[in-house]
Amino acid sequence: MPRILVIDDDPAISELVAVNLEMAGYDVSQAEDGIKGQALALQLQPDLIMLDLMLPRVDGFTVCQRLRRDDRTAEIPVLMLTALSQTQDKVEGFNAGADDYLTKPFEVEELLARVRALLRRTDRIPQAAKHSEILNYGSLTLVPERFEAIWFNETLKLTHLQFE
């Protein structure tokens, strides 16, 4: 199960993101400032980091630059999730090393799609989740690509965790 580190000082946003990621089958850890976030990234080696920019102690731009300079975290994809929506902020985020940038407020569905895309592009999705072959077991059909189970012609949409 892919592990995601959410670094955000707003408890409401952090919890909203964490709950939705967990419901989608991800293992989520959280940090509320840049120092703790960087330390957790080094300790946990997550598959993806969601990073707010306006953080206490150390801002997100600096955290991202530090993560990129460290060989242990340089290849971990970073999705900046922030209220800073000006073009200049986005450019600075990408220049700091972000792989993607999403502004608040956001739609959870879009956030989850971006997470899947980043994990897919960086080859951090478990092999079972990448397998697109349809599997048949008698009256049960599994469609890994869409996380669906078909049982006696009734289609069930599953979360990533349920499907695993």
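Residue positions begin at 1 at the first shown residue.
Glycine residues also receive a Cβ, built from the backbone N, Cα and C atoms like all the rest.
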Name the residue range among 99-131, 132-164 that TrEMBL annotates as DNA-binding region.
132-164
Restricting to the same chain and to sequence separations of six or more, state which residues have a Cβ under 8 Å from that of D52 (4-aspartylphosphate).
I7, D8, D9, D10, I13, G60, M80, L81, T82
Structural state of D52 (4-aspartylphosphate), classified by DSSP into three states:
coil
